[in-house]
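Working notes, beginning with the structure itself.
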Amino acid sequence: NSSDLSPSSFILASIPGLEAAHFWMSILLCSMYVLAVTGNCVVMLIVKMEPSLHAPMYFFLCMLAAIDLALSTSTVPRILSFYWFDTREISFGACLVQMFLIHTLSAIESTVLLAMAVDRYVAICHPLRHAAILTNTTTAKIGLVAMARGILFFLPLPLLLLPLPFCSSRMLSHSFCLHQDVMNLACANTTPSVVYGLTAILFVMGLDAVLICLSYILILKAVLRLASWKERVKVFSTCVAHICVVLAFYVPLIGLSVVHRFGKDLAPLVHIIMGNVYILVPAVLNPIIYGVRTKQIQRRIL
């Protein structure tokens, strides 16, 4: 039966009853995408031009900006073509590639956020050793490890889906391809995909989140040992931008996971909004957060 074979394409989700509003939704989405691209490109350019920002924290920020650019570019243009030209179908191969990029880039971003937390810990708890521990070479190696880690952990996801037969339904619940979404359309035993997907998430994003929390517990202990309240606030304020960026990444990630796990009966609008928030909100907020918190970036922008 041809319906039991791998489909030639999947159908991207639209919001029932709101098809007429796609144009206006696309304007909002396009505006956010332009803002994300502009903001992240500006951050990378300023870090390159400003010698005082040639430090590990801002090199990590450049990595974050590059990841956000790649993540949003791998999804938003395809969503916009769906909204503008009603091209709802995405080929099976393109869907698997997009799925791999989304999960891999998210894993790399999570690793970079952990590296930034370690940078804050070393800068506050061991300031005299900071320059020796986090050199430019070490920073570059961390970036390569983050990339290799993301690829190795999430390359098996599309490979596990390739041999699966798919049922007649080809309708996704998002405007782009996610592993959980595609896997739910298979009409075969998906236990290996479920187990591996959960393991990869726990060993990458889950472990990174725990280590980030641990680093901030140690930072808080060091800050509370300082004599004056004014000095405590000054030292901890150097972490505020990173904390905001971590929340901007993990809150939509957790929200999307909860929607997939417990939100089967929720309206399609919730799935689509949560998916778009996960893809675009960190990319838009990250350059704004660091632009507001970093005086050198503010001066260069002006």
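For all residues, glycine too, the Cβ spot is worked out from N, Cα and C.
Taken verbatim from TrEMBL:
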- 39-290: domain 'G-protein coupled receptors family 1 profile' (DOMAIN)
- 20-46: transmembrane segment (TRANSMEM)
- 58-80: transmembrane segment (TRANSMEM)
- 100-122: transmembrane segment (TRANSMEM)
- 142-166: transmembrane segment (TRANSMEM)
- 194-219: transmembrane segment (TRANSMEM)
- 240-263: transmembrane segment (TRANSMEM)
- 269-292: transmembrane segment (TRANSMEM)
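Long-range contacts of the transmembrane segment (240-263) within the same chain, counting only residues at least 6 positions beyond its ends with a Cβ under 8 Å from a Cβ of the stretch, are 64, 106, 109-110, 113, 116-117, 120, 178, 180-181, 201, 205, 209, 212, 216, 270-271, 274-275, 277-278, 281-282, 285-286, 289-290, 292-294. Against the transmembrane segment (194-219), stretch 100-122 shows more Cβ pairs under 8 Å than any other of 58-80, 100-122, 142-166. Against the transmembrane segment (58-80), stretch 20-46 shows more Cβ pairs under 8 Å than any other of 20-46, 100-122, 142-166, 269-292. In the predicted structure, the domain 'G-protein coupled receptors family 1 profile' (39-290) carries a mean pLDDT of 91.
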